[in-house]
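This report concerns only the one structure given below.
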Amino acid sequence: MRWRTSPPLELCSAGSEAAPRAPRTEMPQRCAGDKAAVSLPPLVFRSPPSAAVTDAPGRQASPGSALSPGAPGSAALSPLDPCSQPLCRPQAEKRARAAPDVHYVAAGPQGAACGWRAFAPGWLQAFNTPRGFLLFLCAAAFLQGMTVNGFINTVITSIERRYDLHSYQSGLIASSYDVAACLCLTFVSYFGGNGHKPRWLGWGVLVMGAGSLVFALPHFTAGAYDAQAADGVGTCGANRSVACGDGASGLSGYRLVFMLGQFLHGVGATPLYTLGVTYLDENVKSSYSPVYIATFYTAAILGPAAGYLIGGALLNVYTDVGSRTELTTESPLWVGAWWVGFLGAGAAAFLTAIPILGYPRQLPGSQRYVVMRVSETHQLKDSGPTAASNPDFGKTIRDLPLSIWLLLRNPTFILLCLAGATEATLIAGMSTFGPKFLEAQFSLSASEAATLFGYLVVPAGGGGTFLGGFFVNKFKLRGAGIIKLCLLCTLTSLLASFIFFIHCPNVPMAGVTASHSGSLLPDGHLDLTAPCNADCACRPEHYSPVCGSDGLTYYSPCHAGCPGAAVPSPSGQKVYRDCSCVPQNFSSGFGHATAGKCTSTCQRKPLLLVFIFVVIIFTFLSSIPALTATLRCVRDRQRSFALGIQWIVVRTLGGIPGPIAFGWVIDRACLLWQDQCGQQGSCFVYQNAAMSRYMLISGLAYKVLGFLFFAIACLLYKPPSESADGLGASLPSQSSASDNATDLPDAPSALQPHSDV
């Protein structure tokens with residue numbers, strides 16, 4: 001007779017046929033905590049045995065191990081074994097062979113204490129829970145997001161100015177992170193998935209902290225920053241000599257140090273989003289897993305917001321802290337204290353890695369989820385190679401080709417990877433150029449645009465990520481239902497993308513979008529020189545926009561015909577007086593100009609912001625469901641490796657080319673390019689209508705592809721059979737399992753079935 005059960009119940013033989021009868025006491029057929037009744041035959045209590053089971057003469061069987069075929073049926077187990085309690089007696093050998101497809105091994109709480117080697121105090125075990133681990137994992141993800149997606153994007157302009165770097169060189173620095181992640185993902189996800197995941201995670205956080213310290217190293221080795229303010233440069237009549245030439249300083253070589261720091265960031269962060277996710281999924285109930293993962297990803301999204309806020313505040317402090325300078329924060333030569341944030345992030349990473357390294361391979365109480373988690377693995381036409389069912393599969397490099405082949409044969413997994421790549425392209429492109437889009441549409445400064453974009457991304461991205469996991473848990477969605485939720489989110493964000501048909505008109509700029517008299521200029525026709533500023537001999541290298549009292553924006557105070565330096569107004573703004581190109585008014589003769597671009601009066605700003613918020617929240621809303629679907633459509637032993645392969649596809653097809661593609665598209669909408677001694681630099685002014693049109697085309701193209709990938713994945717997904725491996729019908733309800741380790745009996749070991757359920 002074959003029995004079906006799940007941990008932590010112990011499986012023992014019911015007794016030998018030749019054993020004498022003893023009084024019988026029937027066990028209840030329902031275990032405490034199970035909501036679904038499981039039909040079990042009556043268990044028999046017998047008197048405690050007196051002999052020990054031996055595998056061979058003179059050698060006692062190890063506690064918790066399976067009975068050897070030759071063991072006497074009437075012998076007793078070791079006193080340390082849970083089955084030594086008067087619950088049941090061994091069964092005959094012929095009955096023990098009734099279930100050869102289930103392999104039992106010891107999986108008890110030995111080594112499940114939280115600590116570092118012999119140091120595992122009792123008070124520390126209060127953190128040895130899924131929630132405790134989630135706390136430290138969220139701290140690591142927060143630091144990673146704050147450093148890589150916050151500090152780096154904030155200080156990239158400052159390090160370009162400080163170390164004489166070109167834009168393509170700073171682009172190489174930023175891409176070093178993704179390059180490192182792509183190189184390490186296969187190795188980390190394959191071997192780390194079968195290893196001690198908390199140790200891989202802890203060492204990864206340590207490497208990430210070392211990368212932050214390396215990134216800040218050039219500040220301490222390059223010497224003091226020597227820059228002098230040039231008062232009056234850019235006004236009519238000022239000395240406008242510009243030193244042009246090769247003159248490259250040796251500071252540009254520090255780009256290699258920055259690339260090394262970013263490379264270490266990528267190496268250290270690789271285990272977070274592969275091993276960290278699977279470790280959470282393995283140690284909590286299947287219904288709770290999306291909530292835990294959503295909380296983890298929400299922390300990773302809140303990190304960049306903190307990075308922008310802290311990094312922006314630090315840039316208001318001079319780079320050589322304690323030194324006095326005549327430069328102001330508005331000066332184009334100003335360099336802030338970009339390096340302070342990386343020192344703090346490195347120190348915090350070291351402190352976060354210490355508790356993560358102390359966690360065990362499995363959290364207490366997680367043994368039950370190996371069987372209780374109902375498999376939703378996509379069913380292929382055949383069962384696949386029998387080698388994949390071996391408990392030792394995936395632990396050597398020889399199994400790597402077969403592991404990759406099994407994933408490539410899973411159409412649902414491949415389609416989810418491609419859908420994730422399309423979403424990653426949009427996220428990477430919008431996170432890089434979203435502030436620039438707002439800056440151009442609403443005529444904002446760079447800091448104002450970054451702040452406004454942060455106000456959109458933090459609640460929309462963080463809220464959408466958390467709500468995605470919440471909905472999966474709330475509605476108890478399974479494989480096909482999760483993919484349908486992704487399909488609905490993608491369709492909603494696709495429809496909201498049509499808002500890019502609407503745009504704000506350009507603020508009129510003299511000589512670029514309007515003539516100096518205020519009339520519109522045809523696209524592509526630049527005429528910065530006018531009779532009012534012809535005698536000023538203005539140089540195009542000095543771009544410092546000012547807003548005239550006539551409502552026109554001028555290229556610089558010189559192009560506005562302002563003769564003298566600016567004077568501060570009572571409101572704190574710099575005001576240029578007697579500007580010859582600004583029309584006269586009756587009170588003050590020549591008009592005046594204020595430093596900065598003129599503000600936009602676009603009435604469509606609220607509508608644009610609302611629909612951009614909708615696009616962002618529904619894009620992030622599908623992220624956790626898509627990740628959960630990926631975990632549910634692959635084998636248990638391939639989860640970490642599958643996430644690694646998915647991240648490689650997402651980064652290779654989405655994260656790396658996304659900013660490049662969006663940057664190329666946005667550059668096609670440029671009206672006014674920077675002139676660096678005759679060489680084209682960055683774009684100063686964009687045509688808003690063309691930018692919105694190109695953003696619409698790009699967004700719709702990728703959203704339609706993502707919708708198609710999710711739709712095909714939903715059609716091709718095949719739910720598992722109800723009796724997979726003969727265990728599906730006997731599993732109790734998932735909601736019946738407790739998330740608390742104290743629900744387990746205090747037994748030194750438990751028998752854990754190994755199967756691909």
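Here the Cβ of each residue, glycine as well, is placed from N, Cα and C on the backbone.
Annotations in TrEMBL come from automatic prediction, not curation.
Annotation comment: TrEMBL describes 61-77 as compositional bias 'Low complexity'. Marked as compositional bias 'Polar residues' by TrEMBL: 731-741. Look at TrEMBL and you will find 133-716 tagged as domain 'Major facilitator superfamily (MFS) profile'. Annotation comment: TrEMBL describes 526-583 as domain 'Kazal-like'. The region 'Disordered' annotation in TrEMBL covers 1-33, 48-77, 723-757. According to TrEMBL, the transmembrane segment annotation covers 133-152, 172-193, 200-220, 256-280, 292-318, 338-359, 413-433, 453-473, 485-503, 607-629, 641-666, 694-717.
Listed as Cβ neighbours of the transmembrane segment (485-503) (distance under 8 Å, sequence separation of 6 or more from its ends, same chain) are residues 419, 423, 441, 468, 471-472, 477, 604, 607-608, 611-612, 614-615, 618-619, 621-622, 625-626, 629, 688-689, 691-693, 695-696, 699-700, 703-704, 706-707, 710-711, 714. Same-chain neighbours of the transmembrane segment (256-280): 130, 133-134, 137, 140-141, 144, 147-148, 152, 159, 172-174, 176-181, 184-185, 188-189, 192-193, 197-198, 200-201, 204-218, 289, 292-293, 296, 300, 342, 349, 627, 631, 639-640, 643-644, 647, counting only residues six or more beyond its ends whose CB sits under 8 Å from a CB of the stretch.
For the transmembrane segment (694-717), the list of distant contacts is 378, 411-412, 415-416, 418-419, 422-423, 425-426, 429, 437, 479-480, 483-484, 486-487, 490-491, 493-494, 497-498, 500-501, 615, 629, 633, 661-662, 665-666, 668-669: same-chain residues at least six beyond its ends, Cβ to Cβ under 8 Å. Counting Cβ pairs closer than 8 Å and at least 6 residues apart in sequence, the transmembrane segment (292-318) and the transmembrane segment (607-629) reach three or more and so form a contact.
Within its own chain, the transmembrane segment (200-220) is flanked in space by residues 137, 140, 143-144, 147, 159, 163, 188, 192, 254, 257-258, 260-265, 267-272, 275-276, 279, 319, 338-339, 342-343, 345-350, 352-354, 356-357, which lie at least six positions past its ends and keep a Cβ under 8 Å from the stretch. The transmembrane segment (413-433) shares the most Cβ pairs under 8 Å with 607-629, out of the stretches 133-152, 172-193, 338-359, 453-473, 607-629. Of the recorded ranges 133-152, 172-193, 338-359, 607-629, 641-666, the transmembrane segment (453-473) has the largest number of C-beta contacts under 8 angstroms with 607-629.
A contact links the transmembrane segment (641-666) to the transmembrane segment (172-193), because at least 3 Cβ pairs that are 6 or more residues apart lie under 8 A.
For the domain 'Kazal-like' (526-583), the DSSP counts in helix, strand and coil order read 3 helix, 13 strand, 42 coil.
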